[in-house]
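One structure below.
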Amino acid sequence: MAENDVDNELLDYEEDEVETAAGGDGSEAPAKKDVKGSYVSIHSSGFRDFLLKPELLRAIVDCGFEHPSEVQHECIPQAILGMDVLCQAKSGMGKTAVFVLATLQQLEPVTGQVSVLVMCHTRELAFQISKEYERFSKYMPNVKVAVFFGGLSIKKDEEVLKKNCPHIVVGTPGRILALARNKSLNLKHIKHFILDECDKMLEQLDMRRDVQEIFRMTPHEKQVMMFSATLSKEIRPVCRKFMQDPMEIFVDDETKLTLHGLQQYYVKLKDNEKNRKLFDLLDVLEFNQVVIFVKSVQRCIALAQLLVEQNFPAIAIHRGMPQEERLSRYQQFKDFQRRILVATNLFGRGMDIERVNIAFNYDMPEDSDTYLHRVARAGRFGTKGLAITFVSDENDAKILNDVQDRFEVNISELPDEIDISSYIEQTR
């Protein structure tokens, strides 16, 4: 497959666009030490109870983890035994750490052999997952990790596989398939096959075909794990076809949106009143970092520019910019160089920035799933957060009602004053 074809396919995958960009990620990164609050867990047991390698426990301590989240408590003991796992849990509960820790625990690195394959539907998420592997394998110097996705030269990927073959490969299906077809990537030694945000990949037929073709290139005997924040009853049988008697964990079913500590409000206004209201709110609200979601690339660029003109430290991320630029901006925001991010849905799914405590739906998301993934950017890791949605027409109101009905949550009108302690961790 030509490189351009791969890139175009990936663009099709990544943005189910509605005149816009869409689709952003799905991985849950662990909280770092300087973050206020840690995973809220009903389990008092620590990670030591999982009998993990000492090197992994040291890295976990460095990341500031204390107790496993509910999904980690449920999944890790079985996952490290090599069982197939199908897991749905709400955003911000540490699903990524489940498969990262489980695969690193079982990994016995063999020079020149790829043992672990992790696939996800966007480049940004692939990049983030590879960083999680690097973070947790900090004290495992023999473990090599590589990430492959479209938008960057396939020749460089081929070089890496030839000269410095990784044990763990993370990537998007289009690029992984291209590398496997041209024999650069050998999948005959895969022992662990993981799909993150699996519903996004398996619902789209072209992407599902790629995943199936890649799956057939791997050995019959292997561990398969799939994770997502949203897993409809229709897609679950599709997932099971890849697995042998999987352990199924649905930590919270899709009927409830109980994002711990997240305050949700809406504001009714006309489209031309949005900027003034946004500026007013940014002036009065206390925030660490903010993500503002818009529906198109044009609106993303214009709003970010307007914010900068009003002296707000804003940066934009959208699918219209080159891949290197997107990753560079993502890193700038993650490193706290900018405090306000304007983004299309590309950023909406699972991208983890621990300091974000406010998410704005400047434009209403197109459905309730997208709403869940967007607002989950605030209040991750059991910390507090605030989600504010602008409602400017009947269609917006209908989607907001759908969200409330589906997730059995009451989203009320934004009051004149909000108690700061309800959406930001107070320093002691």
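The backbone N, Cα and C atoms fix where each Cβ goes, glycine too.
Quantities reported herein were computed from a predicted structural model and do not represent experimental measurements.
Secondary structure at K95 (ATP binding site), as computed by DSSP, is helix. Taken from Swiss-Prot, the feature ATP binding site covers A89, K90, S91, G92, M93, G94, K95, T96, and the record attributes it to sequence analysis.
Per Swiss-Prot, SUMO2 cross-link is recorded for K36.
Taken from Swiss-Prot, the feature domain 'Helicase ATP-binding' applies to 76-249.
Residues annotated as domain 'Helicase C-terminal' in Swiss-Prot: 261-422. Across all of the domain 'Helicase C-terminal' (261-422), the predicted model scores a mean pLDDT of 85.
Residues or ranges marked as N-acetylalanine in Swiss-Prot (evidence: similarity to another entry): A2.
Per Swiss-Prot, N6-acetyllysine is recorded for K36.
The annotation phosphoserine is assigned in Swiss-Prot to S38 (among others) on the grounds of similarity to another entry.
For S41 (among others), the entry in Swiss-Prot reads phosphoserine, with the evidence type similarity to another entry.
When other Cβ atoms within 10 Å of the Cβ of T172 (phosphothreonine) are tallied across all protein chains shown, the result is 27. The phosphothreonine annotation in Swiss-Prot covers T172.
Swiss-Prot lists 1-32 with the feature region 'Disordered'.
Per Swiss-Prot, motif 'Q motif' is recorded for 45-73.
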Cα distance (Å, whole number) from T172 (phosphothreonine) to M93 (ATP binding site): 23
Nearest-integer angstrom distance between the alpha carbons (Cα) of K90 (ATP binding site) and T172 (phosphothreonine): 22
Pairwise Cα distance for S91 (ATP binding site)/T172 (phosphothreonine) [Å, integer]: 20
